[in-house]
Amino acid sequence: MGPRGAPLLAVVLVLGLHALVEGEKPSPCRCSRLTPHNRKNCGFPGITSEQCFDLGCCFDSSVAGVPWCFHPLPNQESEQCVMEVSARKNCGYPGISPEDCASRNCCFSNLIFEVPWCFFPQSVEDCHY
C-alpha cells in the first residue's frame, strides 16, 4: 500500500472502532418495564437521549430523582418475556423443562434461583420509550 492508502486505512479503522463502541438502542419493553427505583445509571450528568441510546442504554426523563439514562432489562427470546423478576407469574412447576414451559405458551429463564423459571408472557402493547 502506498502513502495515499494509509489515510484511507486510518479512516476505515476509526469508523470500524466507532461502530464497535456504539451500542444498539434497546427494545421499548427492556426500558419501560423497569421500575424507576430499580434503574442503574448508564450515563453522565447532562447526557442526551441520543447519546444514551448510542451507549445501548434506555432514556426516560419523566421521573425526577432517578437516573434518566439507565441500563435496560436483560434481553429475552421474546419481547413478551421481558420483565422484572418481581413481575413474573408462575406458569409451571418446580423443575419444569424449557420444552414443557414452551408447550404452555409461557416464557422460560432459569438464570435466577428462587423465582419462577416458567412464567406467563406480558402483552407488548404497554411498551414504549
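Keep in mind that glycine also has a Cβ here, set from the backbone N, Cα and C atoms.
Small disclaimer: the values here were computed from a predicted structure and weren't measured.
Checking the candidates C81, C118, C127 against Swiss-Prot, the cysteine paired with C101 through a disulfide bond is C118.
Swiss-Prot records a disulfide bond between C107 and C81, which is the match among C69, C81, C127.
Disulfide connectivity taken from Swiss-Prot links C57 to one of C31, C42, namely C42.
In Swiss-Prot, C58 is paired through a disulphide bond with C31, chosen from C31, C52, C69. Counting only same-chain residues at least 6 apart in sequence, those with a Cβ under 8 Å from the Cβ of C81 (disulfide bond) are C107, S109, F119, P121, Q122.
Residue pair C101 (disulfide bond) / C91 (disulfide bond) shows a Cα separation of 7 Å. Annotation note: C57 (disulfide bond) sits in a coil segment as assigned by DSSP. Ranking the disulfide-bonded residues C31, C42, C58, C107 by C-beta neighbours within 10 Å puts C58 at the top. Looking only at the domain 'P-type 1' (29-73), the predicted model's pLDDT averages out at 97.
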